[in-house]
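Colleague: According to Swiss-Prot, the protein carries these features:
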type	residues	note
BINDING	42, 50, 53, 55	[2Fe-2S] cluster binding site
REGION	19-103	region 'Disordered'
REGION	42-55	region 'Fe-S binding site A'
REGION	70-84	region 'Fe-S binding site B'
MOTIF	70-73	motif 'Cx2C motif 1'
MOTIF	81-84	motif 'Cx2C motif 2'
């Protein structure tokens, strides 16, 4: 081999090797499976209940059944408390299912 071939090989070797300064290291992804796609980035987080929860954030308000504070909501308006959701409705039998959507 001639000296020019050796010089070219040396230049090629220097051009293809990259010495990175560890102080300026950028984390590299070694597998394409670790790259987040747009669908992975946009996932909704589940609402998690905290320990000793008092805010009831995790409960579904649509499926909760109202429980009377005073216990006399079925008797009619004169016996209902001020925050009663049954206010304005006629008296009903205790234990009857009341659907507000039909009103």
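Heads up, the Cβ atoms here are built off N, Cα and C, so glycines get one too.
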Colleague: Same chain only, please: residues at least 6 beyond the ends of the region 'Fe-S binding site B' (70-84) with a C-beta under 8 Å from a C-beta of the stretch. Say none if there are none.
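Modeller: Contacts with the region 'Fe-S binding site B' (70-84): 90-94, 96.
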Colleague: Tell me, what is the mean pLDDT of the region 'Fe-S binding site B' (70-84)?
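Modeller: Residues in the region 'Fe-S binding site B' (70-84) carry a mean pLDDT of 82 in this prediction.
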Colleague: Going by DSSP, how much of the motif 'Cx2C motif 2' (81-84) is helix, how much is strand and how much is coil, in residues?
Modeller: 0 helix, 0 strand, 4 coil
Colleague: Across the motif 'Cx2C motif 1' (70-73), what are the DSSP residue counts per state (helix, strand, coil)?
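Modeller: Tallied per class, the motif 'Cx2C motif 1' (70-73) gives 1 helix, 0 strand, 3 coil.
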Colleague: Which residues of the same chain, at least 6 positions away in sequence, have a Cβ lying under 8 Å from the Cβ of residue 53 ([2Fe-2S] cluster binding site)?
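Modeller: Sequence-distant Cβ neighbours: none.
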